[in-house]
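Copied over from Swiss-Prot, here are the features:
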type	residues	note
BINDING	CYS38, CYS41, CYS57, CYS60	Zn(2+) binding site
DOMAIN	34-287	domain 'CoA carboxyltransferase N-terminal'
ZN_FING	38-60	zinc finger
Amino acid sequence: MLKDLFVKRQYATVKSSTLKKSISEEKPNIPSGMWEKCDKCNSMIYAEDLENSKFVCATCGHHFRLNAKERIKVFFDKDTFKEFWKDLKTTNPLDFKGYEEKLKSTKTDSTEAVVTGVGKLNGIEVACAIMDSFFMMGSMGTVVGEKITRLIEHATENKLPLMIFTASGGARMQEGIFSLMQMAKISAALAKHSEAGLLYISILTDPTTGGVTASFAMEGDIILSEPNALIGFAGRRVIENTIKETLPDNFQKAEFLLEKGFVDAIVERKNMRACIYKILILHGVRN
């Protein structure tokens, strides 16, 4: 009897597999894509709320990057945008190894890093190019350059104002000199558009860098930017290693460029339509 008092009590045991199964069954079944995390403040945002706010965080004001399709939906009058030259396809002029595979692996609705066409803003017809950083980081190759050049020529012939939403990592290295040539080609077309007395508005979005910054992004009659957008040519580390100096924390941000006179205004996404409409009216553009 006394001996039984010192016998260790038997506790109930649960098999590991049973426990794991029980825990997994208790997890809520949340469909993927229902929530998005803000990169700046880490807030979790309901996807529908994010779309309704034009993909801007309600907590901190962070502007999410948009693909071309989202940008068109946010900016233009509903169902007014008509895309041009969608069937232009990239080739591999330098036989760069793995280039075709990289193009095929790019999972986006766009067929290239820019969408070009004509749309309406409060009834006013404008020619517009929307760069897509989700397609090979918005890099500029021959097709990107050709589509933008054709759009500028179309705007010149039809006396249309021009807008370009820039978002790019720069020239596409897989196309070498063919890619770099697009800078001069686009700039030449812009010069003719300007000589015709037509308006060109450049809207810089995050990120706008490299050869795009060195050419048409900074050639607008009016240059606007979304808040906190990364804008520059060479990377921060490259510059610091070259000049042997530490750069300011906000270097290559839209606010820094505004302070230095490289940007005319920083406009929040919710105000972009109204701002550009006002600019068009002030410049005598009508329906």
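Just so you know, glycine gets a Cβ as well, placed from its N, Cα and C.
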DSSP-assigned states of the zinc finger (38-60) in counts, ordered helix, strand, coil: 6 helix, 4 strand, 13 coil
Extra residues within 8 Å (Cβ to Cβ centroid of CYS38, CYS41, CYS57, CYS60), Zn(2+): ASP39, LYS40, ASN42, SER43, ILE45, ALA58, THR59, GLY61, HIS62
Sequence-distant neighbours of CYS41 (Zn(2+) binding site) in its chain (C-beta under 8 A, six or more apart): CYS57, THR59, CYS60, HIS62
Spatial neighbours of the zinc finger (38-60) far in sequence, C-beta under 8 Å, 6+ residues away: 66, 70, 74, 268-270
Position of peak Cβ density within 10 Å, selected from the binding-site residues CYS57, CYS60: CYS57
Cβ neighbours within the same chain of CYS38 (Zn(2+) binding site) - under 8 Å, at least six residues apart: MET44, ILE45, CYS57, THR59, CYS60, HIS62, PHE64
PLDDT averaged over every residue in the zinc finger (38-60): 95
